[in-house]
């Protein structure tokens, strides 16, 4: 008994020391997050050389702290000990991070980082000049390096699966594939039916030109209305909106286009969803995995839930249109129904992912997913990407890009070497639907709350079921805990079929 | 010969590796600077717990990198080698930093940091309640800890000298003392003469209420006019204006009081001077002492040179008043002479350092200096500080504070444990005059340039003589190199006697 206690004491001391190291790593990573926010939002244009050094120093310091022998010794000692669930979760998460970080040789990490640093301006130039060939050698090199990277982590696995797991560690690729195939198989005919429908949706509800300052005031209204905690957040503009931070300070960025008021509203709601997840993480676990958000799919489920299930609902526009009219009297004649229709139009001839609606969006993702898989497996050569890309757009969306700038060069991700990232966008939407359906099963129809601008119940439910757990559960376990069942596309498909069936008067 | 070359090669490799370590430390420190800017300027109110952890982690990492055995080995090897002047300067600066950092025991560093963390709110409370006794025990503890700190660094030296050297490492305390005594001895009668003068200066030139937004626009005009490089800087507001950054990104903050337009203009010019120094540091030495500014007195010389010698000159108001009138038509009736008079009034009954004019300012510093010296030496007990303080105000300025809030509790510095900091404010002003006089000797009378809003020659001269050298020279050597003579109060005293003699029609 005395021995047990002594051992218990020593495990808890080791765990404590381990957590201090983990918190140290997190603090350095979070400092990097502040520097990146600063770079995107406020840094003067010529600040880059110093900022690049600061960021690379922080990232190499956190890498060294993580891959240090002491981390391994802590992990081995704690894995052999009797831990409670929370401790075991922390050890599981750091073990995974440690294994990934130590299996890739330093030289390859450096080469990847140097290649992506030069890839970004090359991609930008190639996109501007619609010149895929100028980017192709870089893309080829990135594909090779990423294959090599994957082989170091797990030489026996499908390399794409390894890359995907960088963004979504616990949902296996088979699940992702099954979901994406289902989306493709069910959304293609749905979008065709919409295309053929005679329904005449209101498209001009938000036509006009809207001043940046007024749009910003309205974005603040949106955040007020959803319950954003300004004591722990702020709103700024950035060329590519994002949100970042910790449970103590989770910031939103958005952007304003004079002729796209709706775009800024939905983008603000989307980023609110991300920040709101971060703000729901438990304060007292700041710095360990228990106080950090789960990976990209879960994060995206939070942004999509607010953007689509709340922000694109009829009830939301009944609530929010009067607020918007205060800022923009030109909306006085618009009805909530018209705003709802405008926010939910399906554009089957759109080529650009970031401008896509809630349905066609997923076909953009499916196309990238299919192309990425073939690229990484070697079944598709880099030089053949544009044709494969265009063929798929024609097949799934009935529209063929005329330029590569609007085609396979449109997105920045490949220039970052991010293969395997895209699927998480769709998985997030699918999970959003599953969560929202469960919330409505348990809390009752939420549309009345939304109409009243009353989001506390929904948010309380999300806090309890998702946010407060941090990384305590793996993603599949978190989904199971939150919704009572395994990850499924059923709810998403039900949701879109019902919503768009009604909107477009399909039978 | 071959051996020499081989040895040369090896020294240069060691030096290279040493610089990488030094740059690493600087990057971590500069990242901390970004986090502090963020905290003062944009961070949401409840972000503190996470930010405090991030900052203390960065500071302990840079401390560890600095005090590591490897740093000592590098230093020893390089100190024994044949180095060029620049290399020797880098080694000299890091040696100094290393010796200070390693001589203070970890526990004392922690105790000091914990004590100052709690001292700040206690000081704030005590000041609010005008209750010196509530702060006295904390002040006593800080004095004790700082004495102990000084004894670890150099047990044989005057502890105040050791503390002073934290802020001004190369100007010895004797020099500082000599300068401050001269300021006291010559400024006291000058201020008395002004007090007795019949001159009737314009005091209402900037009377009125001025909107924040317009004041901000005018602050931007000031910075434009002085040639601030917006590609490497920005202007924001902060409760206590400061400037921070690197040669790639040196930011200014200011603040606006509705009834103090002049204060925001002079404070903006002051912070411009600091940022402009930082921006003049050489790009290619970023991260080593050769790319870092000299210490507080030199920094303050740059802010005071622009604030006082430029911004409080007659020529400046001839240049700037028309610009100010564009923003504030209510200034249409004000003449440049009236603006000049308003900017240079001597308030001999003012008790508050930060509101002081160019002359009485230094008596506030002298008083603190004398009190700090006695406190640290033990000749003055903490409980006797208020009386000693008030007696000195009466003796030097002819005015006695009625409360400690307006007396010895007015400034934050002691709650930070910063003893020895204040003198650098006056030393900076004195150096500013020496530099400006040399610039005018070499470039000719600058008032025409200032009147034309033409600052390139002056700034070019400062770049060449001061900024570009970074920490290559020690402060006395830098002053000698820049001005051709040793540090002296002659120019400052000449400047104020001439300027205020004319303004107040003294004989």
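Cβ coordinates come from backbone N, Cα and C, glycine included.
Where the annotation comes from TrEMBL, it is an automatic prediction and has not been curated.
Marked as Zn(2+) binding site by TrEMBL: A:270, A:274, A:300. Look at TrEMBL and you will find A:271 tagged as active site, proton donor/acceptor.
Working note on the binding-site residues A:270, A:274: by count of other C-beta atoms within 10 Å of each C-beta, A:274 ranks first. On a Cα basis, the residue listed as 'active site, proton donor/acceptor' lies 10 Å away from residue A:300 (Zn(2+) binding site). Other residues of the same chain near the Zn(2+) site, with their Cβ within 8 Å of the Cβ centroid of A:270, A:274, A:300, are A:243, A:271, A:273, A:299, A:302, A:303, A:304, A:306, A:307, A:428. Sequence-distant neighbours of the residue listed as 'active site, proton donor/acceptor' (same chain, six or more apart, CB under 8 Å from its CB) are A:241, A:242, A:243, A:252, A:253, A:254, A:303, listed in sequence order.
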